[in-house]
């Protein structure tokens, strides 16, 4: 059995390495054709570095420019205000407003504060419907032409400021729904200074305001109010610092890879991708989620590490894409905070209304599409993910039948092979869905046509064998790390933190 597992792992690693190598060779001269997407990289590498990912460029430069704000916040909350919750909450509210104003300017900060006030007033009505209506309306509005007019009116023109406005609004809209609904559930249909300060502290909490991950208002309040008043021990401080250094080490790995993996830049040019051979195309399909995973592992990981120094526990950073071969696993473990948010504020409430699991699941994926922009590629990806999760639900339902119970009596290695065989087409479609999400509609359609709809037997059989090995790697990784068996995250409705 061990030799079989080793074979699966070896085939998977060699195939990924070959695909990434082919992709890198195919894009070797890309910087010369589109130099605006690149800049000088590390001297000893003698290569240009891909700088087309505005999210990475803006957020990392933001951290480099304003790191001192985080240091001051950590020192104040752990030294000056740790023994008094009221003073600490007041500090968070005031300091966060000051910091965000310093970063994005007065006009943008006023817009953010106005939205928080509107959401707070909606929550005071005690009507959850108003809160949901406000959230969906604001998300549709943020992608409309009128929103662009508002940006022009506020003189928000620089690419950096436009990005920070958009990403700040997206996270803020989700947080505002969270505090509104949680306060209604807690029957707090009144307000005082303490409530307002706590809401401001939650919505504008600095380590995660622009980067995420998401945390519910209820969890944030518990972490703040239940936090020990004694200062952190030297051991806790050292452990957190070591973890921050660990996260920062991946920053250098990511920066190193940007000299060789041009997946971000190439995703803007479908005419170039159309000339790729199949191995290069597969390399692109793996490079996109690989770089995306690394980016959010760093962003979520650093935000979570810094918040732990203040006693605020964010969800963990994403799991590696290679170990999430099912759509439900990707939904659950990539952005854990968003998953828990969807579960608490959309999926479970819709189930309580008796609208059915499939409908509730569809609403969740619709929200994800709207939250990310609602363009053709995002909508296609969300629809594919919804279909894949539904197919998992059907498979789970079949597993509870008499035939399914007999299947569970088979030896574990036989079940794993059967599971991997069934999951292979699912994994292929999941990779195509991720390609739609991370590139654009034209490249997604190109990959779909070249990989599946071309009906060329040998390439499709080769791809299926490689993905079959990938499924085994994912299954074995879950066993190695001692995680729970594969389950339907949206269908089972488990909410673990």
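Cβ coordinates are placed from backbone N, Cα and C, and glycine is handled just like the others.
A quick note: this is a predicted structure, and the numbers were derived from the prediction, not measured.
The annotation transmembrane segment is assigned in TrEMBL to 66-82 (among others).
Summarising the annotation, TrEMBL assigns transmembrane segment to 89-118 (among others).
According to TrEMBL, the transmembrane segment annotation covers 130-150 (among others).
Residues annotated as transmembrane segment in TrEMBL: 196-217 (among others). With a cut-off of 8 Å between Cβ atoms, the residues of this chain six or more beyond the transmembrane segment (196-217) that come close are 59, 62, 69-70, 73, 89-90, 92-93, 95-97, 99-100, 112, 116, 120, 164, 167-168, 171-172, 174-176, 178-179, 182-183, 224, 299-300, 302-304, 306-307, 312-315, 317, 335-338, 340-341, 344.
The feature transmembrane segment is assigned by TrEMBL to 237-258 (among others).
What TrEMBL lists as transmembrane segment is 278-298 (among others).
Among the features that TrEMBL reports, transmembrane segment is placed at 418-439 (among others). Long-range contacts of the transmembrane segment (418-439) within its own chain (CB-CB distance under 8 A, at least 6 residues past either end) are made by residues 267, 284-286, 288-289, 292, 321, 325-327, 330, 372, 377-378, 380-381, 384-385, 388, 391-392, 395, 407, 410, 447-448, 451-452, 463-464, 467-468, 470-472, 475, 486.
Residues annotated as transmembrane segment in TrEMBL: 451-471 (among others).
Long-range contacts of the transmembrane segment (451-471) within the same chain, counting only residues at least 6 positions beyond its ends with a Cβ under 8 Å from a Cβ of the stretch, are 7-9, 11-12, 15, 278, 281-282, 322, 325, 419-421, 423-425, 427-428, 431-432. Nonlocal intrachain contacts for the transmembrane segment (130-150), taken as residues 6+ away from its ends with a CB within less than 8 angstroms of a stretch CB, comprise 111, 115, 118-119, 122-123, 166, 169-170, 173-174, 176-177, 180-181, 184, 367, 370-371, 373-374.
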